[in-house]
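Data block below; observations after.
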Amino acid sequence: MLSLIRNAARPTLARAFAKPAFATASLHTLPDLPYAYEALEPHISGEIMKLHHSKHHQTYVTGLNTAEESLAKAPSVKERIALQAALKFNGGGHINHSLFWKNLAPTSEGGGKLREGPLKEAIVRDFGSVENFKKEFNTKTAAIQGSGWGWLGYNSATNKLEIVTTANQDPLLSHTPIIGIDIWEHAFYLQYKNVKPDYLNAIWNVVNFEEAGRRFTDVAK
């Protein structure tokens, strides 16, 4: 998964300081959800999911395409450098949300169920228990000032799972993302108001641990 994120980010970074010979067509599109908008209820409302996916994520896709098109036309290094903030923000938003949708699953399709296997064993090894892991994750993620993301990431240097946070739409590059939780207000405010801990407690009921387990197995071979 880290290689996928690095590969997704690398073209943008590579283009940052080398002006393309011609403007490229918009390549980024909004991915379909693997479930219906209302499929995560009652834990995440259908209204939130529809707005989050079709409005917020679409905005990042549109912004990324616009920034890349502007980059292709920028006549100077200075102007290309000036576009980096937009590329980072919108590119990160697209990467993070594309991962986030796969990170969730309806309870009827296994959402919230962490079965025996390598991921559960690693969580117990690194955090003492599954409950301790969720408590530590929620505490660190709820403490984010403003908007950002909470992550369960795999540290390839230590071969351990670690809880990491990133600000705004910064993608997780220091670790391989295993689980990512969006803590922007648009992800929960309509349903949970300003009570972030309630949202964080509820979302574990629809976390796709099967998908997380695949990511972990791929990177921890």
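Backbone N, Cα and C atoms are what each Cβ position is placed from, and that goes for glycine too.
The domain 'Manganese/iron superoxide dismutase N-terminal' annotation in TrEMBL covers 28-105. The Mn(2+) binding site annotation in TrEMBL covers His52, His97, Asp182, His186. The domain 'Manganese/iron superoxide dismutase C-terminal' annotation in TrEMBL covers 116-214.
Of all the binding-site residues listed here (His52, His97, His186), it is His186 whose C-beta has the fewest other C-beta atoms within 10 angstroms.
Summary of the Mn(2+) site environment: with the site residues His52, His97, Asp182, His186 set aside, the chain residues having Cβ atoms within 8 Å of the Cβ mean position are His53, His56, His57, Phe100, Trp184, Ala187.
Other Cβ atoms within 10 Å of the Cβ of Asp182 (Mn(2+) binding site), summed over all protein chains shown, number 24. For the domain 'Manganese/iron superoxide dismutase N-terminal' (28-105), the number of residues in each DSSP class (helix H, G, I; strand E, B; coil) is 57 helix, 1 strand, 20 coil.
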